[in-house]
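Now, the feature entries from TrEMBL:
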SIGNAL    1-19  signal peptide
DOMAIN    5-324  domain 'FAD dependent oxidoreductase'
BINDING   THR43, SER44, VAL166, THR183  FAD binding site
BINDING   TYR223, ARG278  D-dopa binding site
Amino acid sequence: MAAPKVAVIGAGVIGLSTALCIVETCPSCSLTVLSDQFSPNTTSDIAAGILIPHTYPGTPIHVQKQWFKETFTDLFAISNSAEASEAGVHLISGWQVFKNTPKEELPFWSDVVLGFRLMSEAELQKFPQHRFGQAFTTLKCDCPPYLLWLEKRLKAAGVQMHTRKVADLWELQSEYNIVVNCTGIGAHQLVGDEKLFPVRGQVLKVHAPWVKNFIRDGDGSTYIYPGIHRVTLGGTREMENWSLSPDPGTTKDIFDRCCSLEPSLQVAQDITVKVGLRPSRQCVRVQREVLSQGGVKLLVVHNYGHGAGGFSMHRGTAKEAARLVRDCIAALQASSSRAKL
């Protein structure tokens, strides 16, 4: 059969990294990325891009750990290369602090990040309201440089990119053999996934170049993540809130909370406010599906529902989705061979 035609819908970090893994796993296929938004207008552009996993209740821990480990390994290699600056990928050290000792003093990912240890009494003096803490070094992707770097690599591999709003997977059936759904919160409408819900996140991007270490409150509600050019201050986790309008009261609350963790931020300059909807569900959906309509079949691979953990897991789930695409191609080739017999 001719080179199988694959369409990836979505150009956030999940869509672009999935497309790149498909190129690496299935080099013979013809690949196109379709999205109504590209960087800098995706949800991923708003994310802080730090690799600190969030636990998915519906996904086995060993699977989550594998996804995280694959992501960390790949990004560590980028951070250690000449492309680190262009890709916006860098190592970052800091602290995760808790007002009370958590049930799990060692999270499942503690042996994947670098130098994980419990904080000393002397270190905790920096955070007088907190009684327990963890210190480690992890990785951070600055967006949009990371997304633009992914786009550049895809274009160099001959991948087509088109701005297009896909309202129904079936509209692609006549053009593509396999459709890969990486639409994030858009999957709620596109495939009618009732298990998917938005968790609204409002963040501030500020100029505070003296802040070098990340600081994260253990409950995940307040965080300070320095990037190459800007520091991301957060945040909010508002379930089922679809509003993309910044709330001034929330902006003040975020700023005050972050200043209580890092008082020097009170003189931060050039504050901008961003809002995004995290595509959340009990478990990430990385799944192969065969849709059927009037005797016609459409092969679909889903990869969405990462919530707040998209950057932490993106390469791991992208590799799994690419393997599912490879399985779909093998099935197509087998049926094509049978048809010739």
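Yeah, the Cβs are placed from backbone N, Cα and C, and that goes for glycine too.
Locations of recorded TrEMBL features on the structure.
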| residue | record | Cβ neighbours (10 Å) |
| --- | --- | --- |
| THR43 | FAD binding site | 25 |
| SER44 | FAD binding site | 30 |
| VAL166 | FAD binding site | 19 |
| THR183 | FAD binding site | 29 |
| TYR223 | D-dopa binding site | 23 |
| ARG278 | D-dopa binding site | 24 |
Distance from ARG278 (D-dopa binding site) back to VAL166 (FAD binding site), taken between C-alpha atoms, in Å: 20
Rounded to the nearest Å - Cα separation of THR183 (FAD binding site) and ARG278 (D-dopa binding site): 11
Rounded Cα separation (Å) that holds between ARG278 (D-dopa binding site) and THR43 (FAD binding site): 8
Average pLDDT across the domain 'FAD dependent oxidoreductase' (5-324), rounded to a whole number: 97
Rounded to the nearest Å - Cα separation of TYR223 (D-dopa binding site) and THR43 (FAD binding site): 18
